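A.B. asks: When I checked Swiss-Prot for this same protein, it listed these features:
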{"type": "BINDING", "residues": "G378, R379, S380, G381, S382, G383, K384, S385", "note": "ATP binding site"}
{"type": "DOMAIN", "residues": "30-312", "note": "domain 'ABC transmembrane type-1'"}
{"type": "DOMAIN", "residues": "344-580", "note": "domain 'ABC transporter'"}
{"type": "TRANSMEM", "residues": "18-38", "note": "transmembrane segment"}
{"type": "TRANSMEM", "residues": "65-85", "note": "transmembrane segment"}
{"type": "TRANSMEM", "residues": "155-175", "note": "transmembrane segment"}
{"type": "TRANSMEM", "residues": "252-272", "note": "transmembrane segment"}
{"type": "TRANSMEM", "residues": "277-297", "note": "transmembrane segment"}
Amino acid sequence: MLQYNKNHSSTWQTFRRLWPIIFPFRVGLVVASITLILNATSDALMLALLKPLLDDGFGKANRDVFVWMPLALVGLMGIRGFSGFASTYCISWVSGKVVMQMRRALFKHIMNMPVSFFVKQSTGTLVSRITYDSDQVASSSSGALVTVIREGASIIGLCIMMFYYSWQLSLILVLIAPIVSITIKLVSHRFRTISKKMQSAMGQLTSSAEQMLQGHKEVLIFGGQHTEKDRFNCVSNRMRQQSMKMVQTSSIFDPLIQCVASLALAFVLYAASIPSVMEMLTAGTITVIFSSMIVLMKPLKSLTNVSAQFQRGMAACQTLFSILDLETEKDQGILDITRVQGHIIFDDVTFFYPEKNTPSLYKINFSIESGKTVALVGRSGSGKSTIVNLLTRFYDIDKGRILLDGFNLNDYKLASLRNQIAMVSQNVHLFNDTIANNIAYARRNFYSRESIETAARMACAMDFISQMKNGLDTIIGENGILLSSGQRQRIAIARALLRDCPILIFDEATSALDSASEHIIHKSLDTLKKNRTSLIIAHRLSTVENADEILVIENGYIMERGVHKVLIRRQGIYAQLYKLQFSS
């Protein structure tokens, strides 16, 4: 579950932050506002036609009224229809633009967050933020804006008309205004609280569904259908409960406002029955005033609901701004190098993972000469992958320093640093695209078709690619679901081969390959590693026997170091791991 800054800003402060996103589309807002006012005015004017119809048309039998009134009605209906279309189109255009801008800003910001951020958050929750919450901001806010302008204009127009015909009766409306405003203020806070809980529940709902879909094979093989069903039932019920709380609050709120308005209507009827007042009223006047008060019920009801609608949008907006306020990866380096030599030094490096009290790495010291290969071996959780995470600056060290070609790692621009590194890990991620575009990921316009095919051939991937109907242009599905694990790993190796970086990182790069394919690929990797600095993490110790140096990591410490033969003769941890592996 997401945990963000809890310094909740007010609705006004949140809206002030949202306004710069809306402002570039102000022309659409202005046009929408004008047409909404026209729409509301046409409704009020059609109601005003009742007075001349009753007093002059029927009361005085004036036939001229029946000549111009149909034309007026057609004209007003035409204005009403055009203004309704224009306002809906403009509001939809503005809200669509705002949703797009919010999603783009959020997507870009999340993409530049440090790795530690993604460790704490579920994918489903983040997807919910990008899709559901950003849509809530625009749809709720635009809906509230439409209601405020159109219904507000209706109320103002009707009130002006009522005061024009009889200010005495219309003064009764003044009595209900404070009651309505106090009620809205009291309920607004509850609407906002429920909205935030609904967003949290939606994130949990998305996360639960996403976990089941991603791990459906594990669910089937371990018979976890009942567990996943119970989990999803729980979060979906939580979502339902929050929705019902919103409905409950709104259902109580609406009748309360309508009761207040009904009392005002009753007072008008009573006041109209007073003889001194009746003398000043005609049938048309009292009909217009009474009809106006009845018609006022609808915009009053809509305005009571606008608080819930607006608070829902502002609550979602505040959640998104909470993410946007989080600090992205630190990138204060100034060095922008085309190609480094690849001389790496870890100097007394100590590192703690966030929220952990014990160091994952403690006083690590080693160096890799340019063009040399260093292997990291050890049991799972010993700290091997952490060293890789620090070299790529997925995390920043707490103590010590890491040097690359004599410069501190922090002195390099992040993009420049990572352009020097090609990495193949055991957890391969492929995109829902063609094989060629996956191999040339992020640089598809930089490499030729021939170079992509050469990389695929060196990675022993052309064996299965050539058997596919579309070859390199085959779409492989989300995360390469149409490929086997071994095929996916070969694509990842081809991607690393194509990048031609001076630093190579292999984190169990051939773990999903059969022995024959692994033997062939290692020949290609040996060619690739020439004149390049290589860092290899391996559990299969046979793959690191030719490394220039082997570091044995245990509980965050370097326990042993040396070449394969020397470490075997020492009969230490490495020798034990080696014997254990080959005896099995």
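Note that Cβ sites are derived from N, Cα and C of the backbone, with glycine treated the same way.
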A.B. asks: Should S385 (ATP binding site) be counted as helix, strand, or coil on the basis of DSSP?
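C.D. replies: Going by the DSSP assignment, S385 (ATP binding site) falls within a helical segment, counted as helix.
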A.B. asks: Counting other CB atoms within 10 A of each CB, which of the binding-site residues S380, S382, S385 comes out lowest?
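C.D. replies: Relative to the other binding-site residues in S380, S382, S385, S380 has the fewest Cβ atoms within 10 Å.
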A.B. asks: Report the mean pLDDT of the predicted model across the domain 'ABC transporter' (344-580), rounded to a whole number.
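C.D. replies: Mean per-residue confidence for the domain 'ABC transporter' (344-580): 88 out of 100.
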A.B. asks: Where, among 18-38, 65-85, 277-297, do we find the most CB pairs under 8 A to the transmembrane segment (155-175)?
C.D. replies: 277-297
A.B. asks: Just going by other Cβ atoms within 10 Å, which of the binding-site residues G378, G381, G383 has the emptiest spot?
C.D. replies: G381
